[in-house]
Amino acid sequence: MSVRAVGDLPTASSPSDSSLSVRLAKTDGPDPPRWPAAPGPDRGQPAPVPDPTAAPTARRWRARAAGLVAAAAALALLSLLSVGLGSNRLPLTDVWRVLWHDDGSEAATIVHDLRLPRTLLGIAVGVALGGAGALAQALTRNVLADPGLLGVNLGASAAVVTAIAFLGVSAPAGYVWFAFVGAAGASVLVYLLGATGRAATRPDHLVVAGAAISAVLLAYVNAVSMAKPSAFDQFRFWDVGSLSSRGAAQLDVLAPIIAVGAVLTLCLARPLNALALGEDAGRGLGVHVRRTRLLAAIAVTLLCGAATAAAGPIVFVGLAVPHVARMIGGADQRWVLPYSMVLAPILLVGSDVVGRVIIAPGELEVGVITAFVGAPVFIVLCRRARLARL
């Protein structure tokens with residue numbers, strides 16, 4: 001039932017004409033339609049619309065995390081095999097026992113003095129090469145980039161051949177600091193030429209500068225090696241890339257450097273994701289482009305310089321592994337970087353184990369095995385269309 005007003009209220013001076021009189025009339029017609037009430041605290045809120053992308057994203061995140069854990073577990077198992085396998089094979093039960101209790105036996109001596117430091121050094125070098133390779137590809141936006149792109153490998157090689165030929169350094173332990181200083185010096189020079197001034201806005205300038213510096217350093221290494229044959233005999237064993245005759249001494253020196261470089265690399269994942277959209281978009285998202293590039297170059301120098309100083313220039317690990325990481329984790333650097341740091345040690349330690357057992361009691365250097373394994377794998381990966389670009 002509703003109330004209808006007709007006309008104005010009557011006054012004492014107005015006529016009582018029905019057209020001018022006002023009365024309150026009750027009508028018996030149907031009630032007008034009512035609009036739905038707005039939601040309020042006492043009426044309850046409408047049910048939220050489900051996000052169709054939430055479940056797939058959560059499942060994808062869990063799958064990638066599970067894959068990373070599985071890769072870490074595979075690395076742990078492979079490391080245990082690395083400690084047990086060699087020219088003198090040890091049962092895994094004995095390896096597990098002497099790992100936790102050094103009883104002074106021959107097995108304990110082999111494990112603690114030889115194989116365990118070598119395996120740990122292989123893991124550290126793999127972490128460094130994987131992280132440096134993924135970071136170099138993200139920094140230059142070049143899928144064919146590797147840690148040697150910034151001149152790091154040849155800078156280390158030039159310093160080592162100089163130390164052998166002119167300073168009389170003959171032990172692999174003595175190469176470490178020369179190699180690291182040479183790698184750092186070459187990387188700084190490449191960065192000054194390719195990422196400062198007008199070149200700061202073009203990542204391909206960094207690639208060109210690295211190629212130019214690498215060519216000059218390669219010519220120097222070849223000239224010294226030809227002029228000093230004795231230096232070449234020592235240099236070629238280091239240059240092929242090896243974990244033999246390396247151990248705790250190199251690990252104690254280089255592990256802190258690799259740890260700092262790895263942490264810095266992981267911290268750059270979000271800025272690198274933003275820069276993948278382009279520099280203008282990255283700036284719009286709050287990324288400081290020059291600072292990000294500088295920090296990335298420092299991280300590559302720390303990682304690759306330490307790895308090259310410890311084991312020599314090992315090829316294809318830093319080039320091929322990031323492609324596998326992107327195949328598993330997509331283009332998100334928050335997954336590519338950690339995956340690369342876990343998958344690269346698997347490749348390196350596995351190659352070292354193969355080199356020790358394939359021609360036992362002799363061994364092939366790990367750099368030879370990674371080249372044989374990494375080259376065909378990389379060719380197959382490059383033929384995949386979705387891995388052709390970052």
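Counting begins at 1 with the first residue displayed.
Glycine too: its Cβ is placed from the backbone N, Cα and C atoms.
According to TrEMBL, the features are:
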type     : residues : note
REGION   : 1-58     : region 'Disordered'
TRANSMEM : 65-85    : transmembrane segment
TRANSMEM : 119-136  : transmembrane segment
TRANSMEM : 148-169  : transmembrane segment
TRANSMEM : 175-194  : transmembrane segment
TRANSMEM : 206-227  : transmembrane segment
TRANSMEM : 253-273  : transmembrane segment
TRANSMEM : 294-316  : transmembrane segment
TRANSMEM : 366-386  : transmembrane segment
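Among the stretches 119-136, 206-227, 253-273, the one making the largest number of Cβ pairs under 8 Å with the transmembrane segment (148-169) is 206-227. Under 8 Å from some Cβ of the transmembrane segment (206-227) lie the Cβ atoms of residues 139-140, 142, 145, 148-151, 153-155, 157-158, 161-162, 165, 186, 189-191, 193-195, 199, 235, 293, all in the same chain and six or more residues away from its ends.
The transmembrane segment (253-273) makes no contact with the transmembrane segment (65-85), as judged by fewer than three Cβ pairs under 8 Å among residues 6 or more apart in sequence. Long-range contacts of the transmembrane segment (175-194) within the same chain, counting only residues at least 6 positions beyond its ends with a Cβ under 8 Å from a Cβ of the stretch, are 150-160, 162-164, 169, 205-210, 212-214, 217, 238, 250, 253-254, 257, 294, 297, 300-301, 304-306, 308-310.
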